[in-house]
Amino acid sequence: MNGKEVSSGSGRTQSNNNKKNNNGGSTGISHASGSPLTDGNGGNSNGNSRSRSRSRKSSGTTGGLLKKPPLLVNNEAVHASVPDASHTSCNNGTLEVSINNPEPHVVDAVARHLIRNPSNSLQLQGGDITRDLYKWTNDHPSSPSQYQYPSQPALSTSIPSQAPSFSNRKRSMSFSAASIASSSHLNNNSEANGNPLAAIGLAPAPMTHEEIRAPGGFRRSFIIQKRRKHNVDAPIPNFFTRNFIEFLTLYGHFAGEDLSEEEEEEEETEEEPEEEALETESTQLVSREHGRHPHKSSTVKAVLLLLKSFVGTGVLFLPKAFHNGGWGFSALCLLSCALISYGCFVSLITTKDKVGVDGYGDMGRILYGPKMKFAILSSIALSQIGFSAAYTVFTATNLQVFSENFFHLKPGSISLATYIFAQVLIFVPLSLTRNIAKLSGTALIADLFILLGLVYVYVYSIYYIAVNGVASDTMLMFNKADWSLFIGTAIFTFEGIGLLIPIQESMKHPKHFRPSLSAVMCIVAVIFISCGLLCYAAFGSDVKTVVLLNFPQDTSYTLTVQLLYALAILLSTPLQLFPAIRILENWTFPSNASGKYNPKVKWLKNYFRCAIVVLTSILAWVGANDLDKFVSLVGSFACIPLIYIYPPLLHYKASILSGTSRARLLLDLIVIVFGVAVMAYTSWQTIKMWSQ
């Protein structure tokens, strides 16, 4: 049908092919195939000529795209402009169509491209698509000063003669938040000017219907509605809040294991609308694996996270540990532990990169089988329970001394066991928290109190030495009787191995992890050695297991620090217990047992968590009378395997598979033998001294 025109006025049929269809199925009409539409005189209107290029991509028939602009005509206009004809004919390639008695298939084909109502362009085929495209083009010219088309695409037969030229725009412009900002600005102005909806307590519409019909408008409207629903302004989290939430999230992936659960996601969506308000129109529709954060940490932030993970309560046990080992042996042992620990930490990260998995236990499963994974996770759970029990005794001891001095109670009037089990009332509600980020407030307070306590320990120890001098008469360079107790306490102090993998994963530049870790280990070694040596030099053999008890108990400064430090450890204990609870919970309950939709399963898990808290308190009560020996046993039996046995074992197996040098393999074997020997000897010695 190419090259044919629709005309009228001839009154006769000149072709035998008047009933043939074109290839696309639009029968007998050349409008869909590319030839111009003319009026009764066979001429093409100037308006149609201009609009041809604009409408070429607008819509199409069944056989192809619509090549010509639609005709804005009605029935009266058709009958007025076309003479009477009773038949169709074809002469010299021209098809004549009768208006009074047209062929049915011709009427059907023409009707597809006629707009009965000029204000409704959706009657066109594909109009629901081209409408938004035209509108977006009209609303986004190459410059603001250029001509703006009407809000609806120009679908009439006349197009303005002077059309502005549009430069090619990047696709990112379609994600511009200008429409949202302008809509919010208009809504705010309308409210200020006495919006009738606001007057009756109804919020104005976040977006107009034209903005919603724009590409991506529905998603933008949905995001704004969620903001309005929860009345959230979506402020940018401040530095401390953002960093502490990220730090707490690392405990959800302790030792690289995924310890989060489905209930956590449910609580985030139902009880934390602030997270929803942080969504934008460019936020991905389907989130990544829960718990994984797309935002990477800088090197400085990684250093701060490492410092937080290593510097904790264990530093206050070091003065008594220096007395057990002797100041010379203790300083040398701490320095050696820092060096060997750094090598084992690097071996663990190297093995993770070689094996290609993130979990500490998963590395053991791939290299040695499921029994190795069970051993690793058992050590993690046991060490975290040991930390929590030691923290419980530490808190109970400080609270007992504080109460006796502040309330002038008789010493021993309230037993230490009472303070231990009273903490269960606080630990149980906190342990039931599924979303670990909700502990951000308690963790922030705890870290601030710990920092204040450390500053006070340094300041008062220096002041005490300046006034009374060094207690050199009672200081020992090497304590032959109790030196093995120091090793377990020193290992207990380096308690941050579980956070190494998630911190390394969160770094924007993972290649900077080694130098960052080396710098942190140097800083930590200086803090540990200086604190232990300084307090031991100040108090000598009279140093207490908790060094705060050596400070004058009749001053408000000491009482305040004791209370704040006790509260700090009290609030941070549930955070230490969280990985152990999740590991034991995963072993006890089936993988598909979720309390998200089953209240019975959820309450069974709640009872299980309460049982773990009570068990930890009982363990703390057992070791309360000899806290230094209890801490040493936890460090020897639970922490030494995690640092000095499992990492070289994993690295040895992975290095054999990758072809590492024999010298490096021999070094791994030496560290393994050293770790096993130290663990066995120190654990046996600690139990022996405890029994005596």
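Every residue, even glycine, has its Cβ placed from backbone N, Cα and C.
Taken from Swiss-Prot, the feature compositional bias 'Low complexity' covers 15-24 (among others).
Residues or ranges marked as compositional bias 'Low complexity' by Swiss-Prot: 141-153 (among others).
Here Swiss-Prot flags Ser59 (among others) as phosphoserine, drawing on a large-scale study or a structure entry.
If you look up Swiss-Prot, you'll see Ser119 (among others) marked as phosphoserine.
Look at Swiss-Prot and you will find Ser121 (among others) tagged as phosphoserine.
Under the heading phosphoserine, Swiss-Prot lists Ser165 (among others).
Summarising the annotation, Swiss-Prot assigns region 'Disordered' to 1-71 (among others).
As annotated by Swiss-Prot, region 'Disordered' applies to 135-170 (among others).
If you look up Swiss-Prot, you'll see 258-294 (among others) marked as region 'Disordered'.
Beyond the transmembrane segment (302-322), the same-chain residues lying 6 or more positions past its ends with a Cβ under 8 Å from any Cβ of the stretch are 243, 246-247, 250, 330-331, 390-391, 394, 447, 450, 453-454, 457, 485-486, 489-490, 492-496, 498-500, 503-504, 506-507, 512-513, 516-517, 519-520, 523-524, 527-528, 531-533, 535-536, 539, 543-548, 565, 569, 572, 627-628, 631-632. What Swiss-Prot records for 302-322 (among others) is transmembrane segment, and it gives sequence analysis as the kind of evidence.
What Swiss-Prot lists as transmembrane segment is 329-349 (among others), and the listing cites sequence analysis.
Summarising the annotation, Swiss-Prot assigns transmembrane segment to 374-394 (among others) and lists sequence analysis as the type of evidence.
Panel annotation: around the transmembrane segment (412-432), residues 392-393, 395-397, 399-400, 403-404, 439, 442, 570, 573-574, 577-578, 581, 606, 609-610, 612-614, 616-617, 620-621, 624 of the same chain, lying at least six beyond its termini, place a Cβ under 8 Å from a Cβ of the stretch. Annotated transmembrane segment per Swiss-Prot: 412-432 (among others), in sequence order.
Annotation comment: Swiss-Prot describes 443-463 (among others) as transmembrane segment.
Residues annotated as transmembrane segment in Swiss-Prot, with sequence analysis given as evidence: 483-503 (among others).
The annotation transmembrane segment is assigned in Swiss-Prot to 519-539 (among others).
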For the transmembrane segment (483-503), give me same-chain residues lying six or more residues beyond its boundaries with a C-beta closer than 8 angstroms to one of its C-beta atoms, as numbers and ranges. 250-251, 253-256, 297, 302, 305-306, 309-310, 312, 314-315, 317-318, 320-322, 324-326, 329-330, 333-334, 337-338, 341, 345, 348-349, 352, 358-360, 380, 383-384, 387, 390, 513, 517, 524, 528, 579, 628-629, 631-636, 639-640, 642-643, 678, 681-683, 685-686, 689
Same-chain residue ranges lying at least 6 outside the transmembrane segment (665-685) that approach it to Cβ under 8 Å: 340, 343-344, 347, 484-485, 487-488, 632-633, 636-637, 640-641, 643-645, 648-649, 651-652, 655-656
What same-chain residues lie close to the transmembrane segment (374-394): Cβ under 8 Å, and 6 or more beyond its ends? 254-255, 257, 313, 316, 360-361, 364, 420, 423, 492, 495, 498, 546, 566, 569-570, 572-573, 576-580, 583-584, 612, 615-617, 619-620, 623-624, 627, 630-631, 633-634, 637-639, 641-642, 646
For the transmembrane segment (607-627), find every same-chain residue at least 6 residues outside the stretch whose CB is under 8 Å from a CB in it, and list them. 317, 385-386, 388-390, 392-394, 396-397, 416-417, 420-421, 423-424, 427-428, 431-432, 545-546, 577, 580-581, 584-585, 588-589, 633, 690
Under 8 angstroms, Cβ to Cβ: which one of 329-349, 519-539, 630-650 has the largest number of such pairs with the transmembrane segment (443-463)? 519-539
Given a Cβ distance threshold of under 8 angstroms, which distant residues of the chain, six or more beyond its ends, lie next to the transmembrane segment (630-650)? 314, 317, 321, 340-341, 344-345, 347-348, 351, 355, 360, 363-364, 367-368, 372, 375-376, 379-380, 382-383, 386-387, 389-390, 393, 484-495, 497-498, 623-624, 667-669, 671-672, 674-676, 678-679, 682-683, 686-687, 690
